[in-house]
Every structure is written in structure tokens, then in C-alpha cells.
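For 317-327, the entry in TrEMBL reads compositional bias 'Basic and acidic residues'. Look at TrEMBL and you will find 498-568 tagged as domain 'Transglutaminase-like'. According to TrEMBL, the feature region 'Disordered' maps to 316-336. Among the features that TrEMBL reports, transmembrane segment is placed at 12-45, 57-75, 81-100, 107-124, 130-151, 203-224, 650-673.
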């Protein structure tokens, strides 16, 4: 393929990649999609056939029209219109430049507009796919810049006027031009073979190495550059990589909206991981056994507490009056306590999740006690929040302590007095029910089946609560479904679920049970959190995803809150398991987590914790003493070995540093070793030449070269000594009349070949003859103008 055609196709590939990147980031019907059509028209009719091209007048007029259209978009009411107006203006300008009757130098304009496309796409999206496509774009950009630079260099050589030292030099170059096509030259990564394409595997490999080196250096600069972290707005904090903005997705929410929210998708976005640890021995325990020991069939990770219900929507109700600071650790001397080590991904909420019962907790397990590590327990909701303001926008690790299951006081008593329920607004909200005679009648009907005469008050209340729970879960009258379509929008969504559809997801079951409990006088509240997860028995870690989000009920029985779940467990578990992600989904999710944590949300605190502090500590340790250097070397080897052998650390900051070392260090070693070897070979060759007898006799040829340079001749690198002499002889024969000058240059070249390559020294007579030939050349050089 001709070189120019290769460059044009590569340039348009870069244009299409940048436009597709911007279109995907903007979403919807982006005008960037039309760039593919405009680009094909420009490639065929403007660049290939040269049949069509906008004049400067047309280009300027269309640019003015594009500016007016962008101004009109900028005046829109939506805040996004301000950014999208500038985005669309860049797209319009790219169209004009592509269709313009442009010159080759205008490639810089196209390159700059494509770079603006990528920059705007970075503003419009935080998805992980952007990082992967960005790497591909860098490869295209470096490749195109290489081709463009090569084309400009070739164009300058071809179009530049030839300047010679003298008329003799003109004749020399004309005489040697016939032999120019027989030679080649390699310079850097560019191989120049006359009659062959300049684009080859060597050039492609050099461009790839340059791109990878640029990515490594850029990554190092990104990691090492200090930054100030500004947390995003709550509405912009975190989005799943698989979530479409058009459709609802199950997952944790601080409020529950019942009603017609359409077909629901299940998200496999990672949320948190839990490991249960014996606090005395720091050994991992079975998470499932821990849940079973507290009468939970699965781990229930409690989150938000919703109390107030109105028109199909649950709210948190009255705000907690006085959140208490939790103690950092169990009491001194206590034994058998269990710690839940939890890593929570950024979710846009300050609430923390844990399995009840919990008595104390803190963030930054293992660090010193301090206010910055404190957790707070809200009352009366019993929700956990951290002190840090950055919670919800960054990953957080914390520990929650629970008393041993065999402790009689393992379940802490809650303040549920009659006075609290009757006289406080928060207490009255726990028994408030909407005006629905059908729901109240159904709850009374189910409660009437319980024999009140044979039971004490608390036992009777518990039996009624269990009967209502069983009616929804075990009667077979209701089924679990992700479809949440409302059959009758004129009635309350809970009534529609209980009496019309009788099918729904966990939020409907929890809402119905909460209101039915309140209808028979039992205070109840709706809990939002997570149930179950993917348990790894080897590592004893429970990994929870958004698809494990769940709603259940806490009912006030006696002086305690009792956990109740009316959702059919088998059906829910079957549907949740059907949405288990495959291998590709797990890989994509892992990369998304790395992109969010280490690129998009890479903060100054994280930079200090993971880069600066370990590096400073390592350097202090290494340069403190000889023993410190040995210890630092051992630490480096342990880090290197653990990172190489642990695939989970490959997509992390440690993995990036490892790749930089594995690629960068061998390249540097090879570069410096090659440089040293070249210098040693040069010195060895020069030394050998200095002690070589035949080489000393070639001094006459060096004198010949000095004389010819005085005459205006310069031997080109691709010329042999014999070709150089033959070209000079043609000029000498045409201008000199002395017969002694016939074949003088070629005779000197023949003598040079005999001595230098034939290892045959000249005798005394031959040396005098060469001296005579050189004297004739010197006399000729003095006569000719320079």
C-alpha cells in the first residue's frame, strides 16, 4: 500500500475512534455518530479522488454557522447544555476540517480536535471502558504522529532545492544518482529502501515501544503528582458500569419507592466484603456459622432504617436525636468477642453495614485510637455512621465487635418503653398505618387464628407476628418476582400487591409485613441492607454485590427488636443465583473497581497511604545502616514475590508498579548494556586499526579525500570508494586536458582496495607513483574554483 494511503487510513481510524469514544461517553443521539458518515465522504471524495473540497470561504461560513448553533444550545435551560454546547461545537469543527480542501500540514488541526474529543469524553464519563479505549487511542495517536513526521521529512527532502559546493559537486551528484537506488539506510526505526515502502515491522514495533513507554511514564507521573481530592456530588458519586440510566436496578437505597417502577435488572456491582474474626486470636471464622449462631439463616447486613410510609414511599422518619460514639474495642479483660472486618466500596451513602448484634466498632483496624477513627450509633434507629466526611465517596474499612453467641447478654436490650411509644413522635411513627380497611381487615383476620387464651402477652405478640410473616411467606398465595408493574394505580401499592398482583420483590413483602404488624398494634420498621452473598470458604470471606440487596422487618417484641423476613427465601435465592456474573463479567467488574479506586477517585490521602509513606519508610530503612539495607532488600523481595504470585494484586497500584519494573528495568539494562558494548567495540576497532600495518599505508587515501573536499566533492555514506572515485574521474576527464590525469582517481581507489582489503602493501616504486598522482590532484584542486 502506498505510504500516503497508509497515513490517510490511519488518520481516519484515529478520527473514528475519538468520535466513537465521545459518542459513547455522551450517550443518546450524539452528533458524534455522524462523524463516521462525514469521515467516509471526506476520505473518498476529498482525500482519495480529490473531487470535492470546501473552499476557505465555505469553511469559514460553516464555522460561523457552527458557532451560532452551539450558542443556541448553550442558552438551554439544562445545566448539561452548557457543556454539551462546547462538545458539539468541537464535533462541528471537525466535520468542517475533514471536508475542507486542506493541506497536509492541517493534520495538526485534526489531531488537536481529536484530542479535545477525548478530553471531553473524560469529563462526560467515569466508566472503566474509557481507560481501555484510551490506551488504544494512545497507540493510534503515536502511530499517526510517527507516520506524519516521516511524511513531512520525506516531503522536505523531495521538494527542497539541491545546493552544491561547486559545479564539480553538481556533476558528482548527477553522476552518482544512477547508483542511488542500489543502496539502503537504516536510521532509528525507519528503514529507507528505494522502491519499497517505508512502513514496515521495524517502524510498527518502534511506534509500539514508544507508546508503551509513554503510557508507563505517564502513569508514573499520574501516581507521583500530589493532588487535592474534591469529593463529587452525591448524585455523581458512583455508578455501576453495567447500569443503563433508563432502567431501574436493584440495589441498596436509603429510601424505598413502591409503585410502577417497571422491569428491574439485577446488578452485580461489588458492594462490600465481610470476614468474621476471633478478636482474641485474630483467626478467621465461618461467616455462615456466625449468622446461624444468632438465629439468622443467612447473613443480614443491616443498613438504613425506614419508618414513615406515605403514598407508596418509605422514609427514614424522625432524625436520630443523639448519635452516640461507639467504643473502639470490647472492654478490657473480656474474651470471646467476635469482630466483623468489613470493606465497603463507595456507594454514595454515609451509612455503614453490619450484622447484628453490634456493641462497639471503629475504622482503621490496628491504628491508634482517635476521633478520626470513631463510629457513631444513631438512636433510635441503631444505624452506624463514621466520622469521616469522605465516607460514601471512597472505600472504607472498619471493624464491628459483637459479644459471643453463648453470652446471655449477647442481644442488647433496646429502649422500647410504653412512654416512648406513646409520647414521642418517633414512637408514634412505629405504629402509624395508612387508611386501608382491606389491609387492616386482612391483618386482623390472620391474627385471629392465634389462640390468645393459652399464651402470655409477649408470647402472644410473638405468635401473631410469626403468623403474619408466615401468611406472606409460606401460604403459597404470594410469589417472588422482579416485575414491579402496578395493576391498579388508583389504590395504594401495598394494597395492590396484597389483593391484586400477589407477586413482587422483597420491598413489597417487607412493606406489607410492616404495615400489617402495625395494624395489630405491633411497632415495626422496614430495614434496607443486604442478605447473603458469594461466600469463599477458603478465604472465609463473604463478598456482597448489589444483587444481594434486600429489605426485611424489625418488630418490637417485648423489649427487643426481632428480625423478620416475609420474602419467600427459596424463590429469591433462585433468582439471585441466576444473575451470578460470568468470568467476563467478573473481569470487567474487577477492572472497573481498579479504575474507580485508583484513577477516578485517587485522592491525596490514598496517595500518601499507598505511595509516599511506604516509599519514605522504605528509603529510611534502606539508608539507615547496612542491616537496614539487607532488611529493605528482603522486604522488596517479599513484596515482589507476593505481588507476582497473587492475581488479586495484579489490578492494583502494586500491580502497576510491578509492570513498570518488569518492562522498564529490562529496557534500561538493555539500552545501557548496548551503549557500553558499542563504545567498547569502537575502542577495540580503533586500537586494532592503529596497530595494523596495511592500514597505516592507507594514509594516502585520506590525503586523497582531503584534496577532493577542497575541490567541492563530498562522498555520500551510500557510496563505495570506487564509486566515489569514478564519479570524480568523470568530472576530471571533462575539464582537464593533461593526459597524466586520465584515470588518476580510479587508480588511487584501486591502490586503496589493494592495500586495505587485499592486505598487499605497496612497494617503493608504487608508493612514488601514488605520490605523483596525488600531486597532480593537488595541482588540479588549486586551479579549480571552490
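Yeah, the Cβs are placed from backbone N, Cα and C, and that goes for glycine too.
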Contact check, the transmembrane segment (12-45) vs the transmembrane segment (203-224), 3+ Cβ pairs under 8 Å, seq sep 6+: no
Non-local residues, at least 6 beyond the ends, that sit with Cβ under 8 Å of the transmembrane segment (130-151): 3-4, 6-7, 10-11, 13-14, 17-18, 21, 25, 104, 107, 111, 114-115, 118, 121-122, 190, 198-199, 203-204, 206-208, 210-211, 214-215, 591, 595, 599
Message: I'm a bit unsure how to read this: which one of 81-100, 107-124, 203-224 has the highest number of Cβ pairs shorter than 8 Å with the transmembrane segment (57-75)?
response: 81-100
- prompt: Could you give the mean pLDDT over the domain 'Transglutaminase-like' (498-568), rounded to a whole number?
  reply: 89
Query: What residues in the same chain, six or more past the boundaries of the transmembrane segment (107-124), come closer than 8 Å to it by Cβ-Cβ distance?
result: 11, 14-15, 18-19, 21-22, 24-27, 32, 83, 86-87, 90-91, 93-94, 97-98, 130, 134, 137, 141, 144-145, 148
Message: Could you give me three numbers for the region 'Disordered' (316-336), the DSSP helix, strand and coil residue counts?
response: 0 helix, 2 strand, 19 coil
